[in-house]
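Q: The following block contains the structure, expressed as structure tokens.
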Amino acid sequence: MARFFIDRPVFAWVISILIMGIGLLSILTLPIAQYPQIAPPSVSVQAAYPGASAETVANTVTQVIEQQMTGLDGLRYISSSSTSAGTAQITLTFETGTDPDIAQVQVQNKLAQATPLLPEIVQRQGVSVRKSSAGFLMVIGLISSYGALEQVDLSDYMVSNLVDAFARIEGVGEVQVFGSQYAMRIWLDPAKLAAFELTPADVVAAVSAENAQISAGSFGALPAPAGQQLNATITAQSLLTSPDDFEQIVLRAETDGGLVLLKDVANVEIGAENYDTIARRNGQPAAGMAIRLAPGANALETARRVKAQIEEYAQFFPENVEYVIPYDTTPFIEISIKEVAKTLVEAIILVFFVMLLFLQNLRATLIPTLAVPVVLLGTFGVLAAFGFSINTLTMLAMVLAIGLLVDDAIVVVENVERIIEEEGLSPREATRKSMGQITGALIGIALVLSAVFVPMAFFGGSTGVIYQQFSITIVSAMALSVLVALTLTPALCASILRSKDAVHTRRGPFGWFNIAFDKLTGGYAGSVGWIIRRPLRVGMIYVLLAVAMGWMFVKTPTGFLPDEDQGILITLIQGPTGAAAERTLAVADRVQDHYLNAEGANVNSVFSVVGFSFAGRGQNMGLAFVQLKDWDERTRPDQSVQAIAGRAFGAFSQIQDAMVFPIVPPAVIELGNVSGFDFYLQARGGQTHEELLAARNQLLGMATQSPLIGPIRPNGLEDATQFKLDIDWRAAGAMGLSASDVGQLLSIAWAGRYVNDFIDRGRIKRVYVQGEPESRATPEDIELWRVRNASGGLVPFSNFTDAEWQFGPQGLTRYNGVPAMQLQGSPAPGVTTGEAMAEIERLAGQLPPGFAVAWTGLSLEERESGSQAPLLYALSLAVVFLCLAALYESWAIPFAVMLAMPIGVLGALIGAWLGGFENGVFFQVAILTVIGLTGKNAILIVEFARDRQVAGEDLFTAIREAARQRFRPIIMTSMAFSLGVLPLALSSGAGSGGRNAIGSGVLGGTLTATILGVLLVPLFYVAIRRIAGGAMGR
């Protein structure tokens, strides 16, 4: 094939131009993302049972729905929570690659079977099913300049004007509001009600009657009498619109003609629909809405749509209202992609100078340089064909491919120049002869490198998605590189390179370099001869190195994806059970003060929310979104997000009123909101809630004492004291009271009753009736309320009730249908998540029988990733061996190549150890890359030694001369590859964790594979040939 293109260079150029054209068109259409769709899709089911306890919700709602969720295609695990606020949430997580729309439909079909089994009130409230990601994509806040507006005003504007519009944006899965819109609040005074002998039920009945929309019909509606001339609509009473209107509602007409109005027994005002959350931004009142990404949606594109929408709406904001984005995960994605692209450019430049150093003329250097844009652009075309995106993984794969893809062209150019120099042939004839010599080696290298990475493409799960991105990208780059080396490169060599007469003796720096390198080559050839003559001594050294490699491999802690400085930080707040919002708000203020004052040089803003946390809702819960300054302003190690979080944890440990945990967001936001480890402690032996709680606390105590475990916390609502009202139904019945009367009063006066709606500036909003705050502040306030009996009298609660304080669960969780409690934490400084997870499993083994640890979220992905790695390595090595056997038509010669690979792996492990990196997905890719590079170097020597033997040379001469002859191209390609990945190992800023992890491993492996591999491969070849005898190869 090469001869065809040597004679037809225009044909070669046409192919290359077409490849580049396809690549350029693909770049314009490829989406940009941080990672591909790693997170498995999830579907959540939400239901409400107002007034029910956590146990009641779990028994009558959650378990009923869970038991119907069987037979779902691709269901991976199911988790649920039931709270004393009467809410139930069941989250079903499916295997990666499952269509989220189909999953949602299947869940809805199963839910239809469960709905008739649910309590009637739950059915009336409705059960919702939605698909969305676990983590927040971004948070948008509204603030008022100079604090002119309160949170309720800002929240109402947000809910009324923004939430619905943003929920419709393509890519948005869910909008969660920190606040609520206006509602008509009717606050009842129990003393005034008693004075007029009225009850809350009377108020609700009157409001329902008078605040009603009446459809009155029309004059002349069909059928109409003959001759009807008039047709007009009749309008009557409509919904009320103002507090004044509601105050005039008549509760009772007196016999003397007097009226008891609503304003006589209640305070009516425009308030909030709920008061569950309190939001602040740098201490100012605020409203916020969190955007969750829809499964499969592109984060960057969705964020751009959201930002464009808020910018458009901001033009119409009321005076003194502005928006802020205190939490945004997308700037990190954009900058990290730009950093990888910058690293790619740096790698190309460094590789160019390495080629110039060795080839020593611009003509020769230009040939492999031209291969770079052809291969890279062509690879983008392949990415588009496979439906991939431009993401961190594909870009890192291209950086790795830079050093590899120029190798083929370098081998061609270097060999052509050597033949021109040594044999005096013309460039065209030298190219023809060269391609005859090295075509087999080029194909062999391509097969080996492809064989290393191809098995990655067939793994499933989240880890398999990562493997596929690297595999397809690198293999396609390798294939295109060989195509260019067999088409464009020979054509360029024949037409651009000059004959021997035109080549001048190198002087100056190039001359000095050649002299030094010739000496190095001579020394290398001598070393090869010395090593071949001492096989046992050198063999023992190799065995020791292989043992060291195995020991380091076992000792290197496992991981998944490295934590990154994403420029944002989350702080969780959990106060004592029963703590009021005011106490939690005071803690949130201390958290804010720490970040804005002690970390003022590193922090832009703090957006705090009281009443909401990832662990649950309640007045004792809260969180803070901390926006850090740009990475350019935080260049020192002590300014990293990890360092800031560490100092914050030390400061917050002094707070007595709450547990406060600063959390670094995870590498993949779709897998949750926090990094570290995440697991459930399951009660698989049928233990009670109290026994599970005791086991959890025992595990927490042991983990706190472990040097491997950092901050660890329960992720859920803690058990709390509850005021139990015991109703003596016999006494109540004797007094003429019914259960509905008693329950109705409690649900209205204490819980609040949604009655109907009113119109506020053209928008329908809700009307609530509830006791005024002062009348429901303490247990004694129950005595203020009266229940009307059958004879019309009012009966105090104390006449038929008794009460006591009890301790019970505020929330109950289940995992895979088993009672469980969720815990989250972080490793101690200098400890990897893999080591921390192993320690948790060890400690859990000390618990009483029947309790077990079940990993979830990012930790589950990490655990499965570690279990897949040995199979990945085994498959890759097996395929490499088979490809080499087919290439050499021998079962023995491949071992000469395979035996060199542990040397490269040892270097990769040393690089990871020096950099403090774990054996995660990026390192696993680095290992495979090093295996491929080591095999490539070995092939260059073995291929030429075998050809020399076939030509008649003896074994020792053939391997010594092959090693000497291929030493320069091996050093040149290895040096090009090393410098190509050097920017990865040394990079800093956004996304540097992943780049450093893969760069350090590959750089270390490349150095040992080059320095030690080139010395040992000749020995391996001689040993294999001696052991196999003369039968091989025939």
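For all residues, glycine too, the Cβ spot is worked out from N, Cα and C.
What TrEMBL records for this protein is below:
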type: TRANSMEM; residues: 12-33; note: transmembrane segment
type: TRANSMEM; residues: 340-359; note: transmembrane segment
type: TRANSMEM; residues: 366-388; note: transmembrane segment
type: TRANSMEM; residues: 434-458; note: transmembrane segment
type: TRANSMEM; residues: 470-497; note: transmembrane segment
type: TRANSMEM; residues: 871-888; note: transmembrane segment
type: TRANSMEM; residues: 895-915; note: transmembrane segment
type: TRANSMEM; residues: 921-945; note: transmembrane segment
type: TRANSMEM; residues: 966-986; note: transmembrane segment
type: TRANSMEM; residues: 998-1024; note: transmembrane segment
Q: At an 8 Å Cβ cut-off, counting only pairs 6 or more apart in sequence, do the transmembrane segment (470-497) and the transmembrane segment (998-1024) clear the bar of 3 or more pairs?
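A: No, since the transmembrane segment (470-497) and the transmembrane segment (998-1024) share fewer than 3 Cβ pairs closer than 8 Å, they do not count as touching.
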Q: Between the transmembrane segment (921-945) and the transmembrane segment (434-458), are there three or more CB pairs that fall under 8 A, provided the residues in each pair are separated by 6 or more in sequence?
A: yes
Q: Counting Cβ pairs under 8 Å to the transmembrane segment (895-915), which of 340-359, 871-888, 921-945 comes out on top?
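A: The stretch with the most contacts is 921-945.
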Q: In the same chain, who gets a Cβ under 8 Å from the transmembrane segment (966-986) while lying at least 6 residues past its ends?
A: 343, 346-348, 350-351, 353-355, 358-359, 396, 399-400, 402-404, 406-407, 410-411, 414-415, 517, 521, 524-525, 911, 915, 933, 936-937, 940-941, 944, 995-996, 998-1000, 1002-1003, 1006-1007, 1009-1010, 1014
Q: Can at least 3 Cβ pairs under 8 A be found between the transmembrane segment (366-388) and the transmembrane segment (12-33), with each pair 6 or more apart in sequence?
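A: Answer yes: the transmembrane segment (366-388) meets the transmembrane segment (12-33) with 3 or more Cβ pairs below 8 Å.
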Q: Which sequence positions outside the transmembrane segment (921-945), separated from its termini by at least 6 residues, show Cβ-Cβ distances below 8 Å to it?
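A: Long-range Cβ neighbours of the transmembrane segment (921-945): 396, 400, 404, 407, 411, 437, 440-441, 444-445, 448-449, 452-453, 456, 463, 466-467, 470, 474, 556, 559-562, 865, 869, 872-873, 876-877, 880, 884, 888, 893, 896-898, 900-901, 903-905, 907-908, 912, 958-959, 961-963, 965-966, 969-970, 973-974, 977, 994, 997-1002, 1005-1006, 1009-1010, 1013-1014, 1017-1018, 1020-1021.
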Q: List, by number or range, the same-chain residues at least 6 past the transmembrane segment (998-1024) whose CB is under 8 A from its CB atoms?
A: 396, 400, 524, 527-528, 531-532, 535, 538-539, 542, 545, 892-893, 895-897, 899-900, 903-912, 914-915, 917, 922-923, 925-927, 929-930, 933-934, 937-938, 941-942, 945, 955-956, 959-960, 962-963, 967, 970-971, 974-975, 977-978, 981-987, 1032
